[in-house]
Amino acid sequence: MAAATDGGGLPLLADKAASHSHHHHPERHFTSGEVVRDVIMGVSDGLTVPFALAAGLSGASAPSSLVLTAGLAEVAAGAISMGLGGYLAAKSEADHYQREMKREQEEIIAVPDTEAAEIGEIMSQYGLEPHEYGPVVDGLRRNPQAWLDFMMRFELGLEKPDPKRAIQSALTIALSYVIGGLVPLLPYMFISTAQNAMLTSVGVTLVALLFFGYIKGRFTGNRPFLSAVQTAIIGALASAAAYGMAKAVQTR
């Protein structure tokens, strides 16, 4: 069905806009995807790895003090390692963006007509005709910086990274890992018997995994309850494997 138009052939959107203002539809978007990804990565590994380590040591009949010492050492090492990994990943992403931007800038200067034609190809993918995107192409050619930004985003699919992203990513992942890693170790700080501490750690950590999985599902758009169950199962399997392996080695 054709849209109603005015004398100039443009769709009449005024009534729609007015109606929309009266029937506002709240859009639920979360734009800080990189931060959420870092937190998920840090907390997820922080909950799982020390949990599995503590279960394995408990299975080997290690005392609570040893489990706690080894667990804290692992949390410190894991936080540093994951933080550095996040820093290097973000730094590599920023370096890649700079290289591609330099190459694209050189192409705009060397072969402007070819690059302008690529704008048209991109626009045509959205259903626009040459007479519709022609003025856009002309406007971008008059503004080299806007042209470069357009090509980076729509041709290469690259967003300009935040200059502080590498440091922020490292700190976010490391801190999240520490927070997650302390959860399964808390019982060992207060319970002297390793077996009792392990059972308490299992209960506390599984609750934390369920809660974290639910929150993760809410932020990532997945089904929260399914995400909670999946996260808890992964943590439980990791700790069970470590505990079983320790018991198997101990009996040899």
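Using N, Cα and C of the backbone, Cβ positions are placed for all residues, glycine too.
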Can you check whether Swiss-Prot puts V36 on the same side of the membrane as S192?
no
Per Swiss-Prot, which one of M82, M151 shares the Fe cation 2 site with E104, E115, E118?
M151
At a threshold of under 8 Å on Cβ distances, which of 39-59, 66-86, 197-217 pairs most often with the transmembrane segment (171-191)?
39-59
Helix, strand or coil at M151 (Fe cation 2 binding site) [DSSP, three-state]:
helix
Using a Cβ cut-off of under 8 Å, list the residues of the same chain at least 6 residues beyond the transmembrane segment (225-245) that approach it.
44, 47-49, 51-56, 58-59, 202, 205-206, 209-214, 216-217
Far apart in sequence but close in space: which same-chain residues, 6 or more away, have a Cβ under 8 Å from E104 (Fe cation 2 binding site)?
L148, M151, M152, E155, L156
Env. residues of Fe cation 2 site, Cβ within 8 Å of mean position of E104, E115, E118, M151 Cβ:
E107, I108, I119, W147, L148, F150, E155
